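Residues or ranges marked as N-linked glycosylation site by Swiss-Prot on the basis of sequence analysis: N194. Taken from Swiss-Prot, the feature region 'Disordered' covers 1-22. What Swiss-Prot records for 26-41 is region 'Required for response to orexin-A'. What Swiss-Prot lists as site 'Important for responses to orexin' is W36, and the listing cites similarity to another entry. Feature annotation from Swiss-Prot assigns topological domain 'Extracellular' to 1-46, 106-119, 183-213, 322-336; the stated evidence is similarity to another entry. What Swiss-Prot records for 68-82, 141-160, 236-298, 361-416 is topological domain 'Cytoplasmic', and it gives similarity to another entry as the kind of evidence. For 47-67, 83-105, 120-140, 161-182, 214-235, 299-321, 337-360, the entry in Swiss-Prot reads transmembrane segment.
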Amino acid sequence: MEPSATPGAQPGVPTSSGEPFHLPPDYEDEFLRYLWRDYLYPKQYEWVLIAAYVAVFLIALVGNTLVCLAVWRNHHMRTVTNYFIVNLSLADVLVTAICLPASLLVDITESWLFGQALCKVIPYLQAVSVSVAVLTLSFIALDRWYAICHPLLFKSTARRARGSILGIWAVSLAVMVPQAAVMECSSVLPELANRTRLFSVCDEHWADELYPKIYHSCFFIVTYLAPLGLMAMAYFQIFRKLWGRQIPGTTSALVRNWKRPSEQLEAQHQGLCTEPQPRARAFLAEVKQMRARRKTAKMLMVVLLVFALCYLPISVLNVLKRVFGMFRQASDREAVYACFTFSHWLVYANSAANPIIYNFLSGKFREQFKAAFSCCLPGLGPGSSARHKSLSLQSRCSVSKVSEHVVLTTVTTVLS
């Protein structure tokens, strides 16, 4: 998976012979003006690309910042899963704020304009963010797998989650050091190196051709293929537990909490508004937990699927380029450029997609997003939520009766 800030490795003005391109001194200024006017100035479709990058930049920064604020401001949202979601959002903010602008300029100008130091720093941070995202998604899947499939084997806590997050960043910062070590900035036109940074490229430089093949093969397996395969297996088992069979202990709870409809009707006649009996209440709580776990699992599976789809093109292109040596003498250069450019944009689009997924699939995050935008859209503010809660409280009596009746009817059906 190539760091998306280094597409400038494909030179803008390659020479057919591979020899340095020399210009007479009198023509340097005129040549630079020609390059800017007819070659580097964004074309029409590149303006579309710029607009797409700007949209992703704004959505990713605002959305992921709101995710972090939602968990920070609300103690009831400080769950283990949400701690990992915040960590994923922090990685998305990092890559969006630092790497996205550089990647956009490189894709448009096909030149590295930021010098040698940032040539090492930006690709390194890009690789670190990829590692953090993959490890975070892996820990989320592992936590859900233990909680749902093997709840008695491991007890996840917020303290352990925070320790895991620190470990994720430490491992990612350490294992991606080789990415920074091999990045070098060089100029395709040495004669113009002192006049402009146009057509400078930031690319990997290895001592032997075998090393990049080994490194990028391992990178693809460790940061994409293997973790996604393991996470797919984990979510498959989670899916079976939540939708195919009962959570461990639910069947016994079903029998234990069951009350006959006649007993339930007798309890209802004792008052105008009676709360569900303790056993029925316990079962209702268990059903509510089941529904909440299903919603959370559904949201996390969508996040994982979107991540896999967004990172698939750049992963495949990087393996083809670095391992199999393709695209060096591409006959259709524009098509190759378009593929790499679109794949770079998809990486950043994933950062913008996550907050959107949370908004549509998580009621708690959706309420917090509405509250955050209440200053601009009063109808979406806390007032509407308060009115909704008031109506809910007024109808709690009737809802509780209906819920208990539905539960007991379901129990009767299951046990008959």
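Just so it is clear, glycine is given a Cβ too, placed from its N, Cα and C backbone atoms.
Taking every listed stretch (83-105, 120-140, 337-360) in turn, the largest tally of C-beta pairs under 8 A with the transmembrane segment (214-235) is reached by 120-140. With helix defined as DSSP H, G or I and strand as E or B, the topological domain 'Extracellular' (106-119) counts 9 helix, 0 strand, 5 coil. Beyond the ends of the topological domain 'Cytoplasmic' (141-160), by six or more residues, the same chain brings 78-81, 83-84, 230-231, 234-235, 237-238, 241-242, 247-248, 293, 296-297, 300, 304 to within a C-beta distance below 8 angstroms of the stretch.
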